[in-house]
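Data first, discussion second: the structure below is written as structure tokens.
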Amino acid sequence: MGLRVAQTGFVVLVLLQSCAAYKLICYYTSWSQYREGDGSCFPDAIDPFLCTHVIYSFANISNNEIDTWEWNDVTLYDTLNTLKNRNPKLKTLLSVGGWNFGSQRFSKIASKTQSRRTFIKSVPPFLRTHGFDGLDLAWLYPGWRDKRHLTTLVKEMKAEFVREAQAGTEQLLLSAAVPAGKIAIDRGYDIAQISRHLDFISLLTYDFHGAWRQTVGHHSPLFRGQEDASSDRFSNADYAVSYMLRLGAPANKLVMGIPTFGKSYTLASSKTDVGAPISGPGIPGQFTKEKGILAYYEICDFLHGATTHRFRDQQVPYATKGNQWVAYDDQESVKNKARYLKNRQLAGAMVWALDLDDFRGTFCGQNLAFPLTNAIKDVLAGV
């Protein structure tokens, strides 16, 4: 009896240690509050035990200082950070920048000593005031002239966090989001240098294909497809991860991005296989209302009456219905990605975004909130 109890306790301990060994970084987007009806998502919908880190997107920069973006950001900050009352181990970060912020604004701030210093000095008190545990830098697609300025910004921001913590507070975390395209990485990021000063790097391995290609294709393949052209050999998570590691990113700081959204296309002919021509992005979703993008919960609705397929080589699914072609991730594909990153001994997984998963658990017929994120968590925990 005693041996059985001891063995059970050991198994539980191993599972807990396994789960604790991997980060599950989850982004929440503040604009999801504006979606209609059941698509509207606020931070109190988040399970505080689901992710190890939740990143609030995005903060703004005004007069070279970090600032709110939405009119009710302060209220939402408080709602998010209240989750830590239920799970004190949860870490929250505030992401600054993003696609709409643009690279040029970052460039102007980071390229001048005084403006860079003003920005850096503004960050710790802002994070402390609003209850965050760290900052996520989402300077996306910096130009080649920006590479050294980004490195300096990261280095000086980390130094400020170290200095600020000397007062006895827990040191603030510093992370960065990095696009996964080889050209973007080469142009704007000194990976070996910035890795030294970051707690983790979120690799955005989910934007490899889009309507700009004028053909169908998957935006988040795990591996290269057998029919991929040589020009597409870099456009998969496996290559991006391997390339980042070769450039000097430590595996224990690299987090692989997994999307909870799909990309949709409008077919230009009856062809639906790889390379089929398109006339443009797919029709907007009922809630997200953006051409070419669908939340997972919208995809669950689309799948009713659709024909589903799977790229066996790329290990990701797609579906067709009428003239609509949708690439997406499901529980099988996200589990495969989680197993992959474990095999590569990476730091963990990143999810973009919680509000694009079936966060209510009412759309996908499983009676489970956050089915994709939970599937990732289960694999990371060894379940």
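From the backbone N, Cα and C atoms, a Cβ is placed for every residue, glycine too.
Taken from Swiss-Prot, the feature chitin binding site covers Glu70, Trp71, Gly97, Gly98, Trp99, Asn100, Tyr141, Leu204, Thr205, Tyr206, Asp207, Lys263, Trp352. In sequence order, Leu140 are the residues near Trp99 (chitin binding site), counting only same-chain partners six or more apart with C-beta under 8 A.
Its own atom aside, the Cβ of Cys51 (disulfide bond) has 29 Cβ atoms within 10 angstroms in the protein chains shown. What Swiss-Prot lists as disulfide bond is Cys26-Cys51 (among others).
What Swiss-Prot lists as disulfide bond is Cys300-Cys364 (among others), and the listing cites experimental evidence. According to its DSSP assignment, Cys300 (disulfide bond) is helical.
Look at Swiss-Prot and you will find 22-383 tagged as domain 'GH18'.
Within 10 Å of the Cβ of Asn60 (N-linked glycosylation site) there are 16 other Cβ atoms, across all protein chains. Annotation comment: Swiss-Prot describes Asn60 as N-linked glycosylation site.
Listed by sequence, the residues of this chain that lie at least six past the ends of the region 'Important for AKT1 activation and IL8 production' (324-338) yet keep a Cβ under 8 A from its Cβ atoms are 209, 216-220, 222, 237, 256, 258-267, 272, 276, 278, 282-283, 294, 296, 299, 302, 306, 315-318, 349, 371-372, 375-376, 378-380. Feature annotation from Swiss-Prot assigns region 'Important for AKT1 activation and IL8 production' to 324-338; the stated evidence is similarity to another entry.
The signal peptide annotation in Swiss-Prot covers 1-21.
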Pairwise CA distance, Gly97 (chitin binding site) versus Cys364 (disulfide bond), rounded so that it is a whole Å: 32
Thr205 (chitin binding site) in three-state DSSP notation: coil
Those binding-site residues listed as Glu70, Asp207, and which of them has the most Cβ atoms within 10 Å of its own Cβ: Asp207
For the region 'Important for AKT1 activation and IL8 production' (324-338), the number of residues DSSP places in helix, strand and coil: 8 helix, 4 strand, 3 coil
Cβ neighbours within the same chain of Cys364 (disulfide bond) - under 8 Å, at least six residues apart: Tyr296, Tyr297, Cys300, Asp358, Pro371
